[in-house]
Ligand SMILES: N[C@@H]1[C@@H](O)[C@H](O)[C@@H](COP(=O)(O)O)O[C@@H]1O
């Protein structure tokens, strides 16, 4: 696991954008794995700026998002479908037919999980996956205790995750109790992974990721088994090392 140390959130976002654009320009039809949450918002702003300058195009890019809340429709402002449209997709030249976010509002979620897996595989897997880090070590919505062999599946969200994400909702009770997420094995099949970590709130989690042992109790620890992972972390996130 390679660690790139940067000063602050803006530098992290800039660096991530540079890496992503570099990789996109090296592959003919790049397949990107995208994340939500506060952490990648700066990266998406940088990507929009870069694409406006003409330095990157998403015309031949396919995207797969990590996760979605169960029960929220695409038009719900707290859904990850909405987030992605609002923070990235509406501002770039991506073909929306090539955009994939797991559907959390279908009747048969299990079938949706299987189809999502099939779709990722049919695109030859993800070239570059962007990840944030949950304070409890979750990646996507894979909470502590999730099997390292998991594929796209339904999860019960940990109380701490619902508390952490309650800031986006009117109240804690409005945060869905379940989500659909790419599994850990699915994530590990990405050819390259970039983990973005910023701020004091993530310092303990980052220290555990770097210094702790590999265990299903801390899902992100599995990333140490992958051959091409780069963590881009700012000074505040690195403060507990
Ligand atoms: N499901 C998302 C994750 O994909 C995200 O990486 C993580 C950190 O979120 P944030 O970047 O807001 O701290 O938690 C959320 O619950």
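FYI, residue positions are counted from 1 along the chain as it appears here.
Cβ coordinates are placed from backbone N, Cα and C, and glycine is handled just like the others.
TrEMBL annotations: computationally assigned, not manually curated.
These features come from TrEMBL:
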DOMAIN    11-225  domain 'Glucosamine/galactosamine-6-phosphate isomerase'
ACT_SITE  67  active site, proton acceptor
ACT_SITE  136  active site, for ring-opening step
ACT_SITE  138  active site, proton acceptor
ACT_SITE  143  active site, for ring-opening step
Are any of the active-site residues 67, 136, 143 near ligand 1, with a Cβ under 6 Å from it, and if so which?
67
Relative to the Cβ position of residue 143 (active site, for ring-opening step), how many further Cβ atoms are located within 10 Å?
20
Reported as an integer number of Å, what is the Cα distance between residue 67 (active site, proton acceptor) and residue 143 (active site, for ring-opening step)?
12
Nearest-integer angstrom distance between the alpha carbons (Cα) of residue 143 (active site, for ring-opening step) and residue 136 (active site, for ring-opening step):
8
The mean pLDDT across the domain 'Glucosamine/galactosamine-6-phosphate isomerase' (11-225) is 97
